[in-house]
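J.: The annotation domain 'Alanine racemase N-terminal' is assigned in TrEMBL to 18-237. Annotation comment: TrEMBL describes Lys47 as N6-(pyridoxal phosphate)lysine.
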Amino acid sequence: MLYSRHLSAPIMTTISANLQAVCARIDAAARRFGRDPAAVTLLAVSKTWPASSVEAAAAAGQRCFGENYVQEGVAKTQALAALGLEWHFIGPLQSNKTRPVAESFAWVHSIDRLKIAQRLSEQRPEHLPPLQVCLQVNVSGEASKSGVAPDEVAALAAAVIGLPRLQLRGLMAIPEPIEDFAAQRRAFASLRETFEQLQRGGMPLDTLSMGMSHDLEAAIAEGATMVRVGTAIFGERQKP
Ligand SMILES: *Cc1c(COP(=O)(O)O)cnc(C)c1O
């Protein structure tokens, strides 16, 4: 058995039940909006949670995990290397921290400037497959500081698609948290429209990374192919 004996039964039961509940939400939303549930990948966001929480989710069948902080994320990829999980970097990335990300992750969702993409491409080890990347788009305007502006996405995508050790897969966004379902849908629709414009321009993109614990239904309604869910799987995070 790959999983260590220190995992407590209550944690495993809670995470496994939460995962089932999230999968049921994804299924229900996909059906309600006429989509194939299998076309939506669940990324379990394990930031701030220990490797043992990831192990518990892996034991319940979860394969893809998202991390926000370089040091913490790299430590988990190393501690859990034997499990063969797929690791996605989804947090803000500074140019002096690109190397460990290029060496340890399969995906990066948070590219919002060319310099970061160039460094990741240069630093991606030859023995690994190309790094799968999404561009992070600012769909909330003034309310958010991260992400490329929608009218600058096409130019950034055109530059990133030419980088040798990266494969551009699509777009990611983190809209400002809002309660109203219709307003949530509008924010995700604007990302989908940008995505479709790039596709019409001939870019072979297949990934719309959008939707979190509180708004995954609205994201699925607007075409999300990957939802990034933390709290609904692992519980409320401690505030720093
Ligand atoms: C933390 C985080 C998530 C998960 O958020 P929850 O509300 O806990 O589901 C998703 N995406 C990104 C980029 C995050 O930083």
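Each residue, glycine too, has its Cβ placed from N, Cα and C.
Can you tell me where each of these features sits in the structure?
T.: Mean pLDDT for the domain 'Alanine racemase N-terminal' (18-237) in the predicted structure: 97.
Over all protein chains present, the Cβ of Lys47 (N6-(pyridoxal phosphate)lysine) has 17 other Cβ atoms lying within 10 Å.
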